[in-house]
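Record features, source TrEMBL:
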- 11-231: domain 'Anoctamin dimerisation' (DOMAIN)
- 234-819: domain 'Anoctamin transmembrane' (DOMAIN)
- 245-270: transmembrane segment (TRANSMEM)
- 323-343: transmembrane segment (TRANSMEM)
- 407-434: transmembrane segment (TRANSMEM)
- 454-475: transmembrane segment (TRANSMEM)
- 502-520: transmembrane segment (TRANSMEM)
- 618-640: transmembrane segment (TRANSMEM)
- 669-693: transmembrane segment (TRANSMEM)
- 784-805: transmembrane segment (TRANSMEM)
């Protein structure tokens, strides 16, 4: 049919049948890119497919594009009978009667109302008792209007279910079916449900509610950054899967507010107390740090240097390596438990409100790709009936072995890249040490900040970030191929399998460099007379005198900041640029009125994985916020600021830049939940080890309480004075080996230098010279004791919190039970009425028959 110039119309040309889905193909007679025989095959498959769609009860209507006459849009409509049939097949829950349960307003309801969307603009959804649809109980359901009983999201979901299972060809007795295969082979160019209006203005069609426009104005627009999200409205338009993502992201962002406040408090505490940092004062003191000569940090080309050149970094370190860091690490271990427990409760509430409480595995349909491969017959242990599966038990083992091997190979590849970065750091440090000071011409300030250590750390972090992103792009494709080969049964199984693979890779990819700096760098270096070498060639890296904590902070800032910028470019700018190019090129070709389906066709497709990458981005961020928060208390604040923008950016993308997604059911956040729990458990260990082994807190405490006073110290009371002098081991320059002896001449009359790192060894001349002294063993014991105590205390508190806070609140449990009771009662009473009515008619007939019999006998 011809386009009727109704740009906002969502109906067939007759104005009665609603468009539930759009299929787009290129007219085969006008294609110039394929052979004629290929075009004929494609046309035959398409015609068979469309014929089978009609045989399945769908209505089709085709309209040629206004802007490109090669394109043809096929509008798909599902009549009432088709919707009822497949709603029963798909176990879709539909309303029975109004929900009469009274809800109590919380004490904070008046406060939250200030941040809610105006109820006069987006009206609250009516609450109903629901039940899985059954055609035989049609009269029991709350049907006021057949046209609105199935909302647009449900209609699109049903139609997509049909499109995914209709056959289009048979080859070697194997049926080929599904819209996804036709899209992959290019027979169709696109398939999508329609947005109901423009996001810029309401629809001119009075029958259209303009929900997309309302979502953009009240949710996606930047002015709403401090408003609560209209989650019920989001779920109504996009489905439960999108709704649960934004519910989780909003909840996570709200919980970050508490962590951010405490983190800023700890940071300010560090800023206020840095001037009282005795060991930093000693480093900066020209009479103490200025007189301490440090040993070279690399072989031959490096020279001796004064400790006080690290004055600025020691002052910065005092901000992060303070008592507030310990308090914040303990707090975050408990915070993450509260977050996960309260999210479970919130998730249970949404399950009840969105009718996904009984969303069981049997309600989720098998993936078409799985069904197409079901050629083997096995006996079902439960039903004792034959059923078809895609592979035997042996075949499944082969697939799993291959997939596990591929994943293991890629993880080894990442580890190899990390080793490459470490080798880069070791080799380039020699170059910077020898060349940097010669080529920097400028003020002393530049020389002070651009040290060889800083230049090495920053360049290595940047290279690490680039390598991470390149490996990330390649592995995404590999992970999808592996999961496709694995052939999961349902879409949930597919996404969970892919999620596990991707996160395992991303965990190693993003966090490996941070783990190296936190727990390996500077820990196995020997001493100047006997240094440890990588690959027998590269001397191991050493930390600054204050430890590697500041470098870990730098690494986190570069990766997190670079990742946020990269993701925003990838997620926002690319779709925007593509859509602008498509819009301007289309406008250049025509000034004609364009239909809604043609507007939507020129938007970007969300992709097969939907919100997978959004979840992945946030979970990786969650890892940075929790795993290494002891080194950077401002991480929750940065995450909070990022997430406030992320919610609106994701909403903006969905409403303005992407086609409407096919609505999908979801009960929870899937495999991400156990991943978050795993990160929460690991975070306690990593933060305890960062404080023990990466920061300088434990050595300082041991010195203050034990080694500053007799019998080990000379001070009369506990103090931090003399800490620097007592913790930097002494080395005799005459003990240098020829391979590591510096080429630069020795200056001064001193015959010793100090080790850069706190290795705590006996001085030269001692009977155990260069061996670890008693201070070292005290510190090591204190570190191990601290880790054990901190872990056990936090894990015990986590256990208590998990036990005290139930996953489902009593209020929600009561609601679920009440709804189930009333639903069963309603269905039972209606069935009983029908039985009574039927039995009444039968009894009347029996009585009438008996009366006539008795009358005959009397006569």
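Any Cβ shown, glycine's included, is placed from N, Cα and C.
TrEMBL annotations: computationally assigned, not manually curated.
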Task: Positions on the same chain near the transmembrane segment (323-343), where near means CB under 8 A and six or more residues out - done: 248, 251-252, 255, 258-259, 262-263, 265-267, 269-270, 625-626, 629-631, 633, 636, 676-677, 679-680, 683-684, 687-688, 690-691, 695, 697, 790, 793-794, 797-798, 801-802, 805, 807
Open item on the list: Using a cut-off of under 8 Å between C-beta atoms, tell me which stretch among 245-270, 407-434, 669-693 contacts the transmembrane segment (502-520) the most.
Closed with: 407-434
Open item on the list: I need to check the long-range neighbours of the transmembrane segment (245-270): which residues 6 or more away from its ends have a CB within less than 8 Å of a CB in the stretch?
Closed with: 228-229, 231, 234, 318-320, 322-325, 327-328, 331-332, 335, 338-339, 342-343, 346-347, 350, 611, 614-615, 618, 622, 625, 629, 633-637, 639-640, 643-644, 646-647, 650-651, 669
Task: Sequence-remote partners of the transmembrane segment (618-640) [C-beta within less than 8 Å, at least six residues beyond its ends] - done: 249, 252-253, 256-257, 259-260, 262-264, 266-267, 270, 320, 324-326, 328-329, 332, 336, 503, 506-507, 510-511, 514, 518, 549, 552-553, 556-557, 559-560, 563, 646, 672, 675-676, 679-680, 682-683, 686-687, 690-691, 694-695
Task: Averaged pLDDT score, the domain 'Anoctamin dimerisation' (11-231) - done: 85
